[in-house]
Every structure is written in C-alpha cells, then in structure tokens.
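Enquirer: Quick paste from TrEMBL:
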DOMAIN    78-244  domain 'Phosphatidic acid phosphatase type 2/haloperoxidase'
TRANSMEM  49-71  transmembrane segment
TRANSMEM  78-95  transmembrane segment
TRANSMEM  127-145  transmembrane segment
TRANSMEM  201-221  transmembrane segment
TRANSMEM  233-251  transmembrane segment
TRANSMEM  272-291  transmembrane segment
TRANSMEM  332-355  transmembrane segment
TRANSMEM  376-393  transmembrane segment
TRANSMEM  405-424  transmembrane segment
C-alpha cells in the first residue's frame with residue numbers, strides 16, 4: 001500500500017509540474033534566452049571546455065556500471081542500473097517527439113550553437129539522464145564498494161590477530177589484553193565511520209554539482225532552454241524516485257528468485273521472451289505513431305525550413321526534413337535503444353544459469369592476470385559481430401531503425417547476458433558468483449547423483465579451491 005501511495009504522490013507532483021511548465025513556457029523561454037546570450041557574450045576557452053566536460057559527464061556512470069558487472073560482486077545491480085538508464089533514454093526520446101520543441105539555437109539567431117545536436121530539445125536528455133545516472137550510482141553501484149571496504153577491514157583486523165597468535169604459538173587471554181584490543185578496535189571503527197561520513201558528504205556534493213552544472217552547460221552551449229532543462233530534471237527525478245522507492249526491491253527479489261540455485265524456476269521464465277518482444281513492439285508502435293504525427297500534422301513548413309537550415313549551418317551538412325539524423329526522425333530511431341533491454345532478457349532466459357552474490361570477489365583475487373584477460377576478451381570479442389551494422393546507412397528512418405539501431409542494441413544486450421555466460425562455460429573460465437553461472441557435469445571428477453544446481457555449485461567451489 002505504501003508503494004501505491006508513493007506512486008500516486010510522485011505522479012501527482014509530476015503532472016503538477018507539467019501543467020506549470022505548459023502555463024509558463026513562454027516566460028521560461030524568454031528568461032533562458034537572456035541567460036544564454038549573457039553567458040555567451042565572452043567565451044574563454046577554459047570556460048567552454050569546463051561546460052563541455054559537464055555536458056559529457058554522463059558517459060562516466062555507464063563505465064562504472066561496466067566495471068561492476070565485469071570485476072565486482074554487484075553484477076545484478078549493474079544490469080538493473082543499465083536497464084533503468086536505457087528506460088530513461090527511450091522515455092526521453094518519446095517525450096521529445098510529444099513536445100516537438102526545437103532547440104534555442106535553431107530558433108534564436110542571437111544564440112550561438114557551441115554544440116550541434118540536431119534532434120528536438122524538450123525535455124533535455126542530458127539533464128534527465130544525469131539525474132538518473134548519478135543519483136542511482138550510490139544506490140545500485142556503491143553499496144557493493146562499501147561492503148567490500150568493510151569486509152576488507154574486518155579481514156585485515158582478523159589477520160593481524162592471527163599473526164600475533166602465530167608468533168607466540170598460543171594465545172594469552174587477559175582482562176588487560178581484552179580491554180586494549182577493544183579500545184584499539186573502537187578507535188579504528190570510529191575513524192572508519194568518520195571517513196565514511198566524509199566520503200558520503202563529498203559524494204553527495206559531487207552528484208549535486210554535476211547535475212546542476214550539466215543543466216547549466218546545456219544552456220551555455222545553446223542546445224537547451226531553461227524550461228527544457230527543468231523538465232528534464234523533473235522527469236529524471238520522477239524515474240529515479242519511482243525506481244528506488246517503488247520498483248527496485250520487488251524487481252530485484254523477483255530476479256533473485258528466478259536465478260536462485262537452490263530451486264529451479266526455469267518454467268517461470270518461459271513467458272519472459274514473448275513479454276520482452278511484446279513490450280518492444282508497443283514501444284516501437286508508439287514511436288512510429290508519434291513519427292507520423294510529427295511529419296504530417298505538427299509543423300509549419302516555414303519554421304521547419306528555418307530549423308533545418310540552422311542545423312545544416314551548425315553541422316556543415318545538407319540535411320532535409322526527411323533525413324534520419326534530425327528532429328523527429330532522430331528521436332524515432334533512437335527509441336530503438338530500448339531493444340537493449342530485450343536483448344538482456346532474451347539472453348538471460350536462453351543462458352539459464354544461476355546467481356549468488358558474495359562468491360565472485362572471494363575467488364577473483366586468487367586468479368592470475370592472464371585468467372582475467374581471457375575472460376575480458378570473451379566479453380569483448382563477440383561485439384566484433386556488430387561492427388558491420390555501424391556502417392549501415394539509409395535515407396529511410398524506418399530502415400535505419402530496423403537494419404541498424406535494433407540489431408546493434410539487441411545484439412549488445414544478448415551478448416552480455418547470453419553469449420558471454422555461454423563462452424565462459426565453453427572455455428571453462430567461469431568464476432563462482434558470475435551472473436548466470438552454470439556448472440557442467442564434465443567439470444567434476446566424479447559423477448554426482450544429485451541434480452540440484454546448488455549442490456553443483458558447492459561441488460564446483462570445492463574443486464575450484466583445490467585447483468587454486
């Protein structure tokens with residue numbers, strides 16, 4: 001019930017702001033115009049580089065998610081993080097074709113275009129996605145890092161005690177030693193707590209400043225108005241809060257139950273593939289409908305000609321309104337990024353493995369650099385198959401979507417959750433704790449009578465420990 005109430009509250013606040021945005025759209029545009037012109041009066045190189053950095057800071061969180069998936073225990077959260085980000089991206093492209101509002105540099109001759117984005121501007125994709133990416137990092141990715149730090153401290157403390165015992169050959173217990181040990185432990189704990197609080201404060205300040213400066217940088221570069229940035233922030237905050245407080249816990253528990261090695265629930269996964277394709281078809285159908293509305297009904301031809309002319313001037317191109325790279329066509333084709341989630345789901349169902357957190361980091365530290373490199377190349381090499389799709393080009397935006405965007409995105413998701421686990425099994429490079437880990441009978445010295453996947457993992461762990 002609490003989740004339903006939260007959903008209603010968040011949605012009501014979103015609708016309230018949408019109404020405010022519609023009512024004050026012209027006023028926000030005028031304020032933004034004056035602000036952008038004043039910022040662009042003098043453009044020192046350092047200032048431009050500074051704003052361009054924060055404009056492109058959104059590439060950092062996906063790299064952190066990739067690291068967590070490949071080298072850390074936090075694999076499921078990394079995949080969930082990627083899925084939420086992709087959801088935000090596709091939502092933004094849909095919203096842009098609903099609002100169909102041009103960027104400031106396309107309309108206002110006084111505003112210079114320091115970036116040449118050629119799709120619509122409302123809501124700001126950078127502002128929306130920066131909130132989703134940066135606010136979800138400490139929620140989905142950083143908890144694993146904090147746990148690893150706490151675990152390492154506990155291990156070091158225990159190792160120090162064991163070393164002291166080994167030096168004497170026996171342990172002397174006394175009230176004095178106990179008090180000294182507890183006092184030292186308490187001092188270390190207090191210091192660690194203070195450091196942890198300081199790191200949290202620094203992290204919060206960095207996230208807040210990054211979000212704000214990302215929005216300001218888009219206004220400075222001439223590619224967004226204040227209203228577009230604010231609407232992007234509101235939508236990003238809505239997606240983030242809905243996921244954290246309403247969706248995350250239930251979704252994570254559901255997935256962990258499906259891949260729980262203690263019970264087989266493969267029959268429950270049979271509906272996931274048709275459901276994934278059904279949702280993708282709905283998404284593409286909505287995007288196609290908005291494409292037709294934009295191309296047939298929404299525009300004044302004179303306004304469209306001016307926008308296209310400004311885009312061509314900025315990019316030094318010769319686009320027309322039918323070109324796939326601009327305005328509603330660009331928004332339509334990049335809606336296909338949602339196919340990446342479909343690829344993740346299909347790959348996971350076909351791979352049919354298990355997942356247990358807490359095992360991966362235990363074993364990875366014992367592996368050689370060569371072993372890690374082999375695993376990394378098994379993840380990267382299948383992406384070579386997708387390279388030819390990058391060179392596909394067509395004047396039809398629908399063909400561009402079908403022949404380029406969908407294969408690239410679906411293929412990337414399928415490789416991560418389907419091909420990669422299979423290749424790890426095929427070349428015997430699995431590590432206990434891998435996402436969709438699966439043990440094969442041939443890996444054991446003796447044939448076991450039990451069919452439980454959990455029992456196989458325990459046996460594999462024993463074999464693995466002996467081998468190391």
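Note: Cβ is positioned from N, Cα and C throughout, glycine not excepted.
Burial and contacts for the listed features, if you can.
Expert: Residues 32, 35-36, 39-40, 50-52, 54-55, 57-58, 104, 113-115, 124, 126-127, 130-131, 134-135, 137-138, 142, 228-230, 232-233 of the same chain lie 6+ residues outside the transmembrane segment (201-221) yet bring a C-beta within less than 8 angstroms of a C-beta in it.
For the transmembrane segment (332-355), same-chain residues at least 6 beyond its ends with a Cβ under 8 Å from one of its own Cβ atoms are 75-76, 79, 82-83, 86-87, 89-90, 93-94, 97, 119, 256, 259-261, 266, 269-270, 272-273, 276-277, 279-280, 283-284, 287-288, 290-291, 324, 397, 400-401, 404-406, 409-419, 421-422, 433-438, 453-454, 457.
Below 8 angstroms of C-beta separation, residues 70, 400, 403-404, 407-408, 411-412, 415-416, 419-420, 423-424, 427, 429 of the same chain, each at least six residues beyond the ends of the transmembrane segment (376-393), sit close to that stretch.
Using a Cβ-Cβ cut-off under 8 Å and counting only residues 6 or more beyond its ends in the same chain, the transmembrane segment (405-424) has close neighbours at 69, 79, 333-334, 336-348, 350-351, 353, 375, 378-379, 382-383, 385-386, 389-390, 430, 434-438.
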Enquirer: Pairs 6 or more apart in sequence, C-beta under 8 angstroms, 3 or more of them: is that satisfied by the transmembrane segment (233-251) and the transmembrane segment (78-95)?
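Expert: Yes, since the transmembrane segment (233-251) and the transmembrane segment (78-95) share at least 3 Cβ pairs closer than 8 Å, they count as touching.
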